[in-house]
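What TrEMBL annotates here:
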DOMAIN    16-88  domain 'Cytochrome b5 heme-binding'
BINDING   His45, His71  heme binding site
TRANSMEM  163-183  transmembrane segment
TRANSMEM  208-228  transmembrane segment
BINDING   His229, His234, His252, His255, His256, His310, His314, His331, His334, His335  Zn(2+) binding site
TRANSMEM  265-287  transmembrane segment
TRANSMEM  293-313  transmembrane segment
Amino acid sequence: GCPVPPPPRSASPGAAEVRARCAQGACLVSCHRRLYDLSGFVRLHPGGEQLLRRRAGTDVSAALDGPPHRHSANARRWLEQYYVGDLEQVPPWAEPGPGWSPEQTDLCYKTVDVEKDLVDWQKPLLWQVGYLGEKYDEWVHQPVDRPIRLFHSDFLEFLSKTAWYVVFMVWTPVVLYLSWVSYTSLAQGNTRLFSSFTTEYSIPVHKYYFPFIFLIGMILWSLLEYLIHRFVFHMKPPASNYYLITLHFLLHGQHHKSPFDSSRLVFPPVPASLVIGFFYGVLRLLLPEVLGLSVFVGGLCGYVIYDMIHYYLHYGSPKKGTYLYGLKAYHVKHHFEHQKSGFGITTRFWDYPFRTLIPEESFKKED
């Protein structure tokens, strides 16, 4: 079962209590006598705004399987975290709809018991997950709505978390400064391609090329983002290797286990600086200094945009029909149902040539 205890069960809330709580702004949904309070989560869902507009008396069978997309078994388990009690009687809007069968909602009735989970949530998780072995992959892809603590040390725990705006505040000035350095260096006219091999046929790189080189850096980052997400973050560590399981959880598994932990949605600046420094060193080895710097700063800008969009896809409420709305629905599908596909964050582009696109059928309502 899901390792999160439900909210305290109320004493069979009646219709009057339900109406009163809805009038106060609560978003309550029913699943055939079982009542769930989604007030704190509904705006994070791609279809949350629609659900809010009809929150007074919503049948969860419609909310779960209706537009903008049907929901997975993980989503049904996720719902159980918000259980608040059983209704005294089933009102008309909570009656099973046409074509409903008990098998469709069996997962709604699974109990949630933190005491029976595979890890102890009262202790840091990082040093526990490696012992899960062959159970780790299934466990880490059953998301929960609760914060994660990784380390015993308060200092290390602090370094492993960050608010979204810190990434913007730290790296945007770096992008602006390095862009100015790159442009002014190219303006001196001393940068040439292939100059280390030949002077006769070397190609001058003018300052007017800087925007295009910058754009190449952003495109390269977009590809790198996809490759890292797919082949590093979504590697399946060997069940017998404690250290690889621990590393996977540290890099990305924690995010899939708790996808709405707001302090762990962007890359903290301290560890990020080590990774960014590594890629800068690689570009310095492969390209002339100023040219490598120009590509690097474009990639760094792409990274900042990536982190901001990733945070927004989890916590924002984009308007239906917009590009970001489609990305949010796509990314939620990746978290809850298609963990082995849909690796693009800022764009689906690379999912096409690598054949990891989430099928359109997955977003359609079930018959």
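The backbone N, Cα and C atoms fix where each Cβ goes, and this holds for glycine too.
Overlay of TrEMBL annotations on the structure.
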| residue | record | CB count, 10 Å |
| --- | --- | --- |
| His229 | Zn(2+) binding site | 19 |
| His252 | Zn(2+) binding site | 17 |
| His256 | Zn(2+) binding site | 19 |
| His314 | Zn(2+) binding site | 19 |
| His334 | Zn(2+) binding site | 23 |
On average, what pLDDT score does this prediction assign to the domain 'Cytochrome b5 heme-binding' (16-88)?
60
